[in-house]
Amino acid sequence: MRLLDYSLGIVCFVWTANAAVYTKFEDLPSVSFDYVIVGAGTAGNVLAYRLTEDASASVLVIEAGPSDENVLPAIAPFLAPGLTPNTPYDWNYTTVPRESIDNRSIPYNRGHILGGSSSANYHVHQYGPPDDYDKLAAITGDNGWSWDKIKKYVYKHEKFRKPVQDAGEEKRYIQEDHGTQGIVPVSLPGHHQAVDDLVIAATRELPHDFPYSPDTSGILGLGWAQSTIDNGTRQSSSTTYLRSANSRPNLSVLIETQVLKLLPTSRNGGKPAFRGVLLSNGESTPNYVFAKNEVILSAGSIGTPQLLLLSGIGPKEDLESHGIHTLVDNPSVGHNFSDHIYVPYHFAVRGADTLDDLLRNPALMQAAIGEWMVTQKGPISNGVLNQFGFFRFPSNTSIFDSTPDPATGPNAPHWEMMICNFWLSRVLSIPPTGNFLSLLTVLGAPISRGFVKLSSADPLHKPIIDPQYLTKDYDTAALREAARAMKKFASAKAFSDFIIEPVESSAFDSDETLDDHIRKTVDIVFHAVGTGSMSKDSANWGVVNSKLKVKGTDGLRVVDASVWPFVPSVHTQGPTYLVAERAADIILDEYKSGAWDGLLHLAQNVWSSPDSSPSGSVTLSQLGDL
Ligand SMILES: Cc1cc2nc3c(=O)[nH]c(=O)nc-3n(C[C@H](O)[C@H](O)[C@H](O)COP(=O)(O)OP(=O)(O)OC[C@H]3O[C@@H](n4cnc5c(N)ncnc54)[C@H](O)[C@@H]3O)c2cc1C
Ligand SMILES: *[C@@H]1O[C@H](CO)[C@@H](O)[C@H](O)[C@H]1NC(C)=O
Ligand SMILES: *[C@@H]1O[C@H](CO)[C@@H](O)[C@H](O)[C@H]1NC(C)=O
Ligand SMILES: *[C@@H]1O[C@H](CO)[C@@H](O)[C@H](O)[C@H]1NC(C)=O
Ligand SMILES: *[C@@H]1O[C@H](CO)[C@@H](O)[C@H](O)[C@H]1NC(C)=O
Ligand SMILES: *[C@@H]1O[C@H](CO)[C@@H](O)[C@H](O)[C@H]1NC(C)=O
Ligand SMILES: *[C@@H]1O[C@H](CO)[C@@H](O)[C@H](O)[C@H]1NC(C)=O
């Protein structure tokens with residue numbers, strides 16, 4: 001089922017070591033830090049970097065997964081799909097089987113590695129239309145999330161690399177919309193493919209339906225992908241933010257260590273404080289560490305709600321059913337899971353300039369990897385796509401007759417088309433011979449919402465993930481509409497010498513056959529959000545307020561993709577990075593202003609039974625008393 005199957009570790013790639021990274025609790029310089037960040041993932045490492053820019057603050061980041069050093073598929077871009085699932089670098093989650101997707105259970109990949117999903121993802125980097133941020137500002141009542149206010153973080157975050165080759169007649173990106181002095185390198189595709197020119201020709205031929213986009217980071221239309229790749233190698237939050245900060249004396253990173261739950265510490269004005277975390281490397285007795293200022297959950301859209309629930313923050317009924325004492329009854333924790341799904345369509349094509357033979361033939365793959373190791377060039381230096389597009393349905397489409405338009409605004413897409421120069425599907429296996437083009441239709445603004453729940457009070461048990469894909473008629477209807485638009489694109493004259501025939505042509509016989517194909521082949525784009533939703537302070541739903549503090553608690557924040565109350569219109573790593581950049585400013589401002597000075601006494605008062613655990617370790621049965 002894996003997209004790319006080859007044995008890991010066949011080659012040894014030398015990769016600069018990280019400093020200040022511990023694997024043993026005993027080696028940590030302290031058990032108390034100003035900030036404790038749970039998860040060294042996409043968002044967590046942004047905070048690690050920003051909160052230690054001021055050397056006077058001490059920060060501990062705790063990561064369950066191993067180091068990303070020398071992990072070839074986390075470095076060589078085209079090998080990324082081999083990093084997950086069912087490897088040491090994935091949490092190996094699967095979704096609950098649902099009749100709406102033919103009773104299938106989908107592997108729900110999440111990076112379990114330094115850098116989190118930014119080390120495991122497929123590199124596409126975007127921010128999204130301003131509409132997404134303006135909607136977030138409206139939902140939270142906090143204008144600080146509006147695009148006008150957020151845009152400055154693009155320049156702090158991004159280090160756009162000028163294309164080596166001339167862009168030709170069309171702009172491939174809009175220079176003014178990008179930063180060059182930030183932290184994470186972003187670049188246009190390095191390795192050109194024959195199909196790329198045909199795709200651009202098709203945009204010229206069908207400018208009404210498939211306009212060319214001069215910059216795909218947030219503008220409607222079809223254009224060149226921007227990726228977290230620099231000179232042919234992956235750029236994750238680990239290789240950028242964390243690596244730039246890891247010589248700072250007050251930053252400690254503890255890897256191969258899982259946080260099991262949060263520890264309630266003292267109460268402040270009646271609100272339970274959670275300034276401690278219980279952690280384990282799976283071998284010795286669990287230990288705990290404390291935060292003088294706060295604990296920040298950056299464990300991602302699955303890990304964060306799981307930890308909140310394990311700690312007694314969530315829907316009371318669910319917690320009680322697992323024997324967990326409810327400290328904060330909040331029905332929203334884990335709910336409003338929102339995600340992107342895609343449906344693949346394949347076309348048999350002429351010529352051999354697709355990547356199918358590379359994927360079928362281990363000898364060719366070895367040779368390409370060898371070429372990449374020496375030059376950082378060739379097909380391995382690219383991500384899984386060079387081009388993609390974001391589109392709206394025509395306003396007279398009948399699918400909005402029964403459902404209000406779910407796009408975040410007039411400049412936000414309803415659907416996306418990804419263009420892959422090879423057979424891509426985790427469901428339908430690649431035919432033994434032939435060359436293929438894959439056009440993937442993505443539901444841009446889904447309306448179905450799912451949930452993450454505990455399966456057990458044991459932190460080592462995987463949670464239940466039920467995204468409820470295609471449980472709303474609109475979602476299926478939109479994918480049908482997208483499929484028909486995709487078919488029109490594939491019929492462009494530009495492809496007449498290239499495309500031989502569609503593989504799934506009978507899917508287009510009727511609505512029913514199309515729905516059947518959709519149910520059977522739909523898969524995820526890995527963009528889960530919503531399980532730790534932001535909302536107004538006054539809202540009767542939501543997990544965190546607009547300053548990302550967990551409602552009803554003290555000393556606890558969530559900073560990761562889970563705080564987006566709806567899935568952004570684009571791929572989610574960029575929107576996650578921007579949330580984390582603003583979160584760092586929010587946190588730094590708050591402590592700078594002295595608003596928390598009165599709480600320093602909490603540091604002395606954090607844990608009530610230190611005598612029974614002089615070495616800093618505590619047993620699980622002791623915790624049961626909490
Ligand atoms: C296979 C894949 C492909 C993707 N492709 C793209 C793409 O091309 N473009 C794009 O924009 N987005 C893509 N995404 C999505 C994007 O990467 C995520 O939306 C984003 O990285 C999420 O960031 P995060 O900080 O919320 O979580 P993560 O980056 O996942 O970080 C969470 C971290 O917390 C750690 N953690 C969790 N629980 C615990 C615990 N209890 N104790 C200690 N540590 C814990 C995890 O191991 C992880 O390191 C992809 C995702 C995947 C998985
Ligand atoms: C590290 O942080 C502490 C506060 O926790 C501060 O007192 C100390 O000066 C910092 N150390 C350095 C080297 O900056
Ligand atoms: C995921 O599966 C692989 C292979 O079975 C295993 O080595 C790894 O430990 C699993 N990941 C986690 C987080 O359990
Ligand atoms: C899915 O499972 C349900 C319940 O077991 C069953 O009734 C149904 O026929 C199954 N559907 C498919 C497509 O297999
Ligand atoms: C989900 O989000 C909507 C707002 O989009 C809100 O009205 C609803 O209450 C939320 N549901 C839960 C369980 O939090
Ligand atoms: C890119 O990688 C190649 C091969 O390792 C190296 O020779 C070159 O200097 C690198 N270029 C930049 C700009 O880092
Ligand atoms: C929508 O408008 C277009 C162009 O005006 C027209 O070709 C099409 O038939 C209309 N579709 C519907 C469903 O009315």
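Each position is counted from 1, following the chain as shown.
Just so you know, glycine gets a Cβ as well, placed from its N, Cα and C.
Caution: TrEMBL annotation is automatic and unverified by curators.
For His527, the entry in TrEMBL reads active site, proton donor. Sequence annotations record features per position, and here TrEMBL assigns active site, proton acceptor to His571. TrEMBL lists Asn121, Tyr122, His123, Val124, Val259 with the feature FAD binding site. Annotated domain 'Glucose-methanol-choline oxidoreductase N-terminal' per TrEMBL: 300-314, in sequence order. Here TrEMBL flags 1-19 as signal peptide.
Spatial neighbours are here defined as Cα atoms within 10 angstroms of one another, and by that definition the neighbours of His571 (active site, proton acceptor) among the recorded positions Val124, Val259, His527 are Val124, His527. Considering only the binding-site residues Val124, Val259, the Cβ with the fewest other Cβ atoms within 10 Å is that of Val124. His527 (active site, proton donor) falls outside any helix or strand according to DSSP and counts as coil. Counting only the Cα atoms, the space from the residue listed as 'active site, proton donor' to His123 (FAD binding site) is about 13 angstrom.
Most Cβ neighbours within 10 Å among the recorded positions His123, His527, His571: this distinction goes to His571. Residues within less than 8 Å, Cβ to Cβ, of Asn121 (FAD binding site) and separated from it by at least 6 positions along the same chain comprise Ala80, Gly111, Thr228, Phe526, Gln573. When every Cα pair among Asn121, Tyr122, His123, Val124, Val259 is compared, the largest distance found for this FAD site is 29 Å. Under a cutoff of 8 A between CB atoms, and with a sequence separation of 6+ in the same chain, the neighbours of Tyr122 (FAD binding site) are Ala80, Pro81, Gly383, Val384, Leu385.
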